[in-house]
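Chemist: In case it helps, Swiss-Prot gives these features for our protein:
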BINDING   G10, A11, G12, K13, G14, T15, R127, V136, Y137, G199  ATP binding site
BINDING   T31, R36, G57, L58, V59, G85, Y86, P87, R88, Q92, R160, R171  AMP binding site
BINDING   C130, C133, C150, D153  Zn(2+) binding site
REGION    30-59  region 'NMP'
REGION    126-163  region 'LID'
Amino acid sequence: MILILLGPPGAGKGTQAKLLAAEYGVPHISTGDMFRDHKARGTELGKTVQAIMDAGGLVTDDITNEMVKDRLSRPDVAKGFILDGYPRTSAQAEYLDGLLASAGRAISRVLSYEVAEEAVVERISGRRSCPKCGAVYHVSANPPRRMGYCDRDDAGLVQRDDDKPENVKKRMAEYAAKTEPLKRFYSARGLLATVEGIGTPEGILAVTKRVLAS
């Protein structure tokens, strides 16, 4: 089974990727994990990515594709894998198609987790984090015992700039602009399936499994 997961920030895509990986016994592969792995191993790709990020630049398709190629050459992907955060563009999607075809493999399904903008804004803008220990809370879903203060060390909680409503909306708009061509790409190939991303992680997993079985 080879799955690709799409979804805006706050849609719970990463959580579903982990649950699906455990359910089907295949690795969950995210671009963030790949970057961190190469950085930790001190590879040439890792050094290149770090230099680009330190300079405030964007990692090119070629570099990302090379990391994916390296990751998919490992034996743990023999039964399949779940990709989270890649591909992000139609060019990357075409590269992945060619890479898989050269190994006699193909994508099983592309799952797009859809969540209304208001729900995403509420979900993300409610996050509060502790600047001291890094603990993360949510004002309604997972509040601290004393509102505004960390349970562990009583430090004042803060809202990250990325989590402010106006910035969440901006990220949503950027995601939509980048992802619509990708969704059209996979829809034209009959691979795209939409999953409602509202509910408990377990409930969404159950819906996802029904979609995969259909």
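Here the Cβ of each residue, glycine as well, is placed from N, Cα and C on the backbone.
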Chemist: If you count other Cβ atoms within 10 Å of each one's Cβ, which of the binding-site residues V59, C133, C150 has the most?
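Modeler: The residue with the densest Cβ neighbourhood is C150.
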Chemist: Report, as numbers and ranges, every residue of the chain located at least six residues beyond the region 'NMP' (30-59) whose Cβ falls under 8 Å of a Cβ in that stretch; write 'none' if there are none.
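Modeler: Residues packing against the region 'NMP' (30-59) from afar: 14, 17, 66-68, 70-71, 83-86.
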Chemist: Hey, which of the binding-site residues G12, G14, G57 is the loneliest by Cβ count within 10 Å?
Modeler: G57
Chemist: Do you know offhand how many angstrom separate V59 (AMP binding site) and D153 (Zn(2+) binding site) by C-alpha?
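Modeler: Distance between the two Cα atoms comes out at 37 Å.
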Chemist: Quickly jot the same-chain residues contacting the region 'LID' (126-163) by Cβ under 8 Å, restricted to those at least six beyond its ends, or write none.
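Modeler: Contacts with the region 'LID' (126-163): 171.
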Chemist: So among G12, G14, R127, Y137, all listed as binding-site residues, which is physically nearest to R88 (AMP binding site)? Use the C-alpha atoms.
Modeler: G14
Chemist: Which three-state DSSP class does D153 (Zn(2+) binding site) fall into?
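Modeler: Going by the DSSP assignment, D153 (Zn(2+) binding site) belongs to neither helix nor strand, so it counts as coil.
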Chemist: What are the sequence-distant neighbours of D153 (Zn(2+) binding site), meaning same chain, six or more residues apart, C-beta distance under 8 angstroms?
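Modeler: Counting only residues 6 or more apart in sequence, the Cβ neighbours of D153 (Zn(2+) binding site) under 8 Å are C130, K132, C133.
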Chemist: What does DSSP say about T31 (AMP binding site): helix, strand or coil?
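Modeler: Where T31 (AMP binding site) sits, the three-state DSSP reduction gives helix.
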Chemist: Compare all C-alpha positions of T31, R36, G57, L58, V59, G85, Y86, P87, R88, Q92, R160, R171, the record's AMP binders, and send over the largest distance in angstrom.
Modeler: 30
Chemist: Between G14 (ATP binding site) and C150 (Zn(2+) binding site), what C-alpha distance do you get in Å?
Modeler: 25
Chemist: For a three-state summary based on DSSP, what are the helix, strand and coil counts in the region 'LID' (126-163)?
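Modeler: Taking the region 'LID' (126-163) as a whole: 3 helix, 10 strand, 25 coil.
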